[in-house]
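**Q** According to TrEMBL, the NADPH binding site annotation covers Thr11, Gly12, Ser13, Ile14, Gly41, Arg42, Asn126, Glu128, Gly205. Residues annotated as 1-deoxy-D-xylulose 5-phosphate binding site in TrEMBL: Lys127, Ser153, Glu154, Ser176, His199, Ser212, Asn217, Lys218, Glu221. Here TrEMBL flags Asp152, Glu154, Glu221 as Mn(2+) binding site. The domain '1-deoxy-D-xylulose 5-phosphate reductoisomerase N-terminal' annotation in TrEMBL covers 5-134. Residues annotated as domain '1-deoxy-D-xylulose 5-phosphate reductoisomerase C-terminal' in TrEMBL: 148-229. Taken from TrEMBL, the feature domain 'DXP reductoisomerase C-terminal' applies to 261-379.
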Amino acid sequence: MVRKVSIFGSTGSIGRSAIDVICNANETGAAEFSVEALAAGRDVEGLASQALKLKPKIAVIADESRKVELAALLAGSGIEVAAGEGALNEAAARPCDRVLAAIVGAAGLGSTLAAIKAGNDIAIANKESIVCGGQLMLGEARQSGARIFPVDSEHSAIFQCIGDGRSLENLTITASGGPFRNWSLEQMATATPAQAAAHPVWSMGIKNSIDSASLMNKALEFIEAAVLFDVAADHINVLVHPQSIIHGMAHFDDGSVIAQLGCPDMRTPISYALGWPDRIPTTVDRLNLAQISNLEFFEVDEERFASIRLAREAMGAGPAARVVLNCANEAAVSAFIAGECGFLDISRLVEAALERFSSGNFASSKCETLEEIAEISRYGRFLVSQWLNNAPSRAGG
Ligand SMILES: NC(=O)C1=CN([C@@H]2O[C@H](COP(=O)(O)OP(=O)(O)OC[C@H]3O[C@@H](n4cnc5c(N)ncnc54)[C@H](OP(=O)(O)O)[C@@H]3O)[C@@H](O)[C@H]2O)C=CC1
Ligand SMILES: CC(=O)[C@@H](O)[C@H](O)COP(=O)(O)O
Ligand SMILES: [Mn+2]
């Protein structure tokens, strides 16, 4: 059986790990994959070299100004070349067995929705799109019959543990604690982007890495778990586990707790989401608990890390507040990377945006359409840019 996949965000960390899974399976004969579409944002050279190797039917670059360059790099290959948002959506809707949604940020929502509407099953890494449009995605999936398989390591773990969901009491997602797990607030105030991106365990794109440092990654994942598994927020725990060996747990009403363990390598959850119901063999290191010897667990310190509290508040405030939380965070992380604000300003900016938003006209929006979500996203980003423009330079403060 040939498994036809499309990879959106192919040049990123998740995209490259997925390609490794696919190539390894094809080379060893463990499974047979073919690639329908590859898509990226701006990296034409990376995309072209992947395309020449994997021979997709189509390669799409989101940045339209780079289409000519992509076409030149793929001239004579027989691979169709396209660019822009419309082309991303069209390619996502082409029939295949799985669309891997691995674009970073809310920018990935449109193509994922297009794929779902076409009835394609989704392997979803792009948590920001779930936070902003999870209900919309699930509603469209019910209509089209598309299934949504989690890729995020914690959610893949829960998916592997939860069974049919009967007798479930609680879920736990683990957090490494990030590079600043033991830093004081004074130290974090002067943290640089390079320090924030230096994740102690996982190798990831810069945005997810910085989110891990502020624990906003876990805040987004908390909302992601509530949406994907339809579990109330007060039944979802976050536990700091620096070794990142246990990724998630399902707690049942007879006292049983089922956990998923594995070396921290995204090729495991990616292969599970691409292969389900089969497991696709990978070259991931095998777990040796005797060698690791010590697994630690701690509560989140909410004095130093405000993100989980902000996510709980946004969950209580409704779907539009989640969009603001996510998009204010995206804008604040970009500002931090650009040296326009300090590390601790990221959660301050998100909190300020949520506060301002709660008293505005959009607060009760149900986010039932992509357009509505886009409008609230723009507003969330605007609130952050307004604050940055009015504040004196805070970089490092
Ligand atoms: N990395 C990880 O281990 C994990 C990541 N995730 C989630 O997966 C997603 C991807 O993360 P990661 O791979 O780390 O991110 P990266 O930054 O490494 O890669 C992002 C990918 O998205 C593409 N992209 C960016 N903007 C656009 C756009 N507007 N349109 C089309 N494509 C775009 C990039 O293209 P280009 O290269 O051309 O810029 C790149 O291919 C995120 O949502 C993240 O939260 C979840 C769990 C773990
Ligand atoms: C690999 C993965 O799923 C990341 O989202 C991971 O969760 C990041 O690590 P933190 O636990 O530090 O956020
Ligand atoms: Mn995760």
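Backbone N, Cα and C atoms are what each Cβ position is placed from, and that goes for glycine too.
Where in this structure would I find these features, and how exposed are they?
**A** In the three-state DSSP assignment, the secondary structure recorded for Thr11 (NADPH binding site) is coil.
Around the Cβ of Lys127 (1-deoxy-D-xylulose 5-phosphate binding site), 29 further Cβ atoms fall within 10 Å across all displayed protein chains.
The Cβ of Glu154 (1-deoxy-D-xylulose 5-phosphate binding site) has 28 other Cβ atoms within 10 Å, all protein chains considered.
For the domain 'DXP reductoisomerase C-terminal' (261-379), residue counts in helix, strand and coil come to 69 helix, 2 strand, 48 coil, using DSSP.
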**Q** Taking ligand 1 as the reference, state which of the binding-site residues Thr11, Asp152, His199, Gly205 have a Cβ closer than 6 Å to one of its atoms.
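**A** The ones that qualify, in sequence order, are Thr11, Asp152, Gly205.
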**Q** Can you list which of these binding-site residues (Thr11, Gly41, Lys127, Asp152, Asn217) have a Cβ closer than 6 Å to ligand 2?
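**A** The ones that qualify, in sequence order, are Asp152, Asn217.
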**Q** Please identify, among the binding-site residues Thr11, Ser13, Gly41, Asp152, Gly205, the one with the smallest Cα-Cα distance to Glu221 (1-deoxy-D-xylulose 5-phosphate binding site).
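**A** Nearest listed residue in space: Asp152.
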**Q** Which binding-site residues from the set Thr11, Gly41, Lys127, Glu154 come near ligand 3, judged by a Cβ under 6 Å from any of its atoms?
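**A** Only Glu154 meet the Cβ criterion.
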**Q** Determine, for the Mn(2+) site, the additional residues of the same chain whose CB lies within 8 Å of the mean position of the CB atoms of Asp152, Glu154, Glu221; present them in sequence order.
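**A** Same chain, not in Asp152, Glu154, Glu221, Cβ within 8 Å: Lys127, Pro150, Ser153, His155, Ile173, Asn217, Lys218, Glu224, Ala225, His247, Gly248.
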**Q** Other than its own, how many Cβ atoms are within 10 Å of the Cβ belonging to Asn126 (NADPH binding site)?
**A** 27
